[in-house]
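What Swiss-Prot says about this protein:
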- His643, Asp645, His774: Fe cation binding site (BINDING)
- 601-806: domain 'JmjC' (DOMAIN)
- 64-88: region 'Disordered' (REGION)
Amino acid sequence: MSQKELAALVATRTSRKRTISSTSFSISTRTDPKSIIEIHIFNDSLPIKRACCEVENPTLKAEQRVQQEEESLGQVPPLTEEEQQRHDEFRNSGSIFLQDLPCFKLQQAQPIAGSSPIPKCRECRRRNLATTEGEPSSVSDVYCRFYEFRRLQFNENGELCVVGFPNPYSEPSPEDIAIWQPDKNTPPTSGYMDIQVCRYILLHAGDQFCYIWHQEAEALSLHQNTDGTIAWKKAVKGTREICDVCDTTLFNYHWTCRKCGFGVCLDCVKDRKEGLRLRRAENAAQKGCDEYHWLLCSDPSGPQEHVLTELMLTQIIAGDALNVLGRLLHEVRTLWQVPQVCGCLLSKQAIEDAQSKEVIQDMIKESQLKQHTSYSSLASEQKVHQQQRLDQLHATKLEFARELGVDYVPGRVWTKETLGKDPITTAFDNLKHINFLRKGLAGLRRFLPPRTMTFAYSTQLAPGVPHEFLCDGRLLRLTDAMHPDNRVLFQEVWKCGQPVMISEVARSLNLDLWHPQAFCRDFGDKPNDLINCLNGNLVPNQPMRHFWEGFQCMTKRLPDAYGKPMLLKLKDWPPGDDFAEILPTRFADLMKGLPMPEYTLRTGNLNIASCLPKMFVPPDLGPKMYNAYGSALHPDKGTTNLHLDISDAVNIMVYVGIPQDGDTRPQMAATQKAIEIGGCDYITRARCQSPDVLPGALWHIFPARDADKIRDLLNRVTLEKGFRLEPDHDPIHDQNWYLDDKLRARLFKEYGVEGHPIVQCLGDAVFIPAGAPHQVQNLHNCIKVAEDFVSPENITHCYHLTHEFRRLSHSHTNHEDKLQIKNIIYHAIKDCCTILTRAVDERLNAELTKLNAD
């Protein structure tokens, strides 16, 4: 395996804990010197090597361990002058301080001969052993588990001692608290957010925050240590704390080992108490782990199991900021007339503040009028009043439905006979072959039903916005990418979890930058991996010129082992978060031309990922490129197999091409046939036959609510073929399936699931909601670029998928939680509450000043 491939297996460098996944492969070659090596990739459940999770050889005695560490001490870089001076001051003053060096460096600061060494965390102990054995170590200072966490002090003899851990209430500084607690005097992290945007975010994300708040409160009841101490782990800039068991981001409450720094999240503790995640009898024990897959303690005396009664309850949020924000959220939503259906007692409280209520009522009215005025010149007081009445009616029905324990969505009619028999609430009763079943989302917002909109209604809702409906009224297509009022129709459909297509995006882009010749010129000599879409094989380390030249010339395409041109796609390029660095000009061009910029830009006020403070590790939201040859001649082979994403995304077609060195008629005929077989409606087929429209890719996007039905079908087909279902794998997340016309027909016949068949042409942008299963088949050669975002409407799906991914095997590419959705929700709510609180204070102060002046 090449160094590049090995490096690609290492998890993000910003995580404090890292994962290295293994890949099983076999190599097929042929004698022709021009042949290409293809590596066959399998998604089998394989043992993994987690770099941070290695536990020392249990057969080593304690004396041998100490000897190894002493030998490695000579290889530790000496303290810098600044570090030495700082520790001299600590020694002379005898003051208590937070550990400011990694454990492996602390012995350098303790020159007393014979003194007991400070216990090392598992990261630093692993580093010492790796150094002793001559292996390179990539552990930086900040990866130390006790960095900025453990309290230290020099005693009277000059020996360094551990004196406990920080108190979350007495030790955070004002700067630490400001990160977490809403403060009307501190500007929010996000960009410009007006009153209506804040109310909109609170409407869609407020209940989810309340659910997280109550879930965090469970930690206190789960804590089993007789020591009631709660430690505070300070948030370290540029570091993402993750659970050592499930790789989910540690949001607040978790449990920590005082000896080695092992950390485990709330959900894993609940699983252990309930007996879940227990190793199956047929599976061999994983080295260094107990029967629940928990890492053994790396204590110098030897590996030991971590016991719940000995772990220390730890919180990350400083002070009482979580409770402060939770109470403030309910007060703000009550004052600002935002419907809340979380069901907790705070949602029913009445706030007796007549003056504030009157002022806020005026501010809401003004902001609605301002928003509608920007949407349409026909806005009026009557229109605003109608919207207020509709909001009030929906809030009343939401409360009524919550008390009865059923779902309510606008437009649904409840009767005594149908109450409790809704297809959404009974959708899972007949599913049998599900490993990841969403039996219920208690405390969360439920799925809204699909929306079929008439053109007459949409025109009345947003007059002047050019648009049409495809898929029999289920797919909105906006035909002017930069129309200022697009958001009205977009939100009406997007909140129901349906995809949207926006055309004419290419007008805002410099398409010369996105041409294959431009990429071949700029990056032709750079090596990268390719994938043969016909069989899924990897073609490693090829100059990208071989790929880009094949875009327009069939004779220049790389041959497979049988001499046939391969159907290639470029794998993971540009890599990771390096798009802006590798392609700065194209990055700037894309950011300038993104449709719905309030959602898709990194600083968009409805992209709530923008609310994450700068000190946090930003989630990798792209952009990403998808470059592949057309496969219309192979209708059962997808360019991108069925999968779903944890965040929302917009995918823009920036280039469509057909090789001109051969007969193009079979390709064109196959394209039209694929569109027809794909289930596209008459309007779509007519559009694709227009001479000035070049279809690029055929999408099938399914509703997120139907993901489990799709799982059930695919698992059933797997069993019918005589294969066994793997417990820690998932037919959608594994991306092994492309639903051809036969499977799609069976899905509709047996489950009633119908997707959105979408043909993406040059300049079209397809918006895919979080959690929506989708697949893509390139009809012609395509270059697509995608940007992810986190919208308030789909926050529930993001949250649920985080929990879904943690149950995948550790070797799965989707296993690790890189979105940190709880942190995003927390800081979005914090910013909205801050802005609304500040707005009413400023208004009251302004009116008071005016009265005094009069």
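Glycine too: its Cβ is placed from the backbone N, Cα and C atoms.
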Mean of pLDDT values spanning the domain 'JmjC' (601-806): 92
Cβ-centroid neighbourhood (8 Å) of the Fe cation site, His643, Asp645, His774 excluded: Thr640, Leu642, Leu644, Ile768, Ala772, Pro773, Gln775
For Asp645 (Fe cation binding site), the three-state class that DSSP assigns: coil
Count of other CB atoms lying within 10 Å of the CB belonging to His774 (Fe cation binding site): 24
DSSP-derived class (H/G/I helix, E/B strand, else coil) of His774 (Fe cation binding site): strand
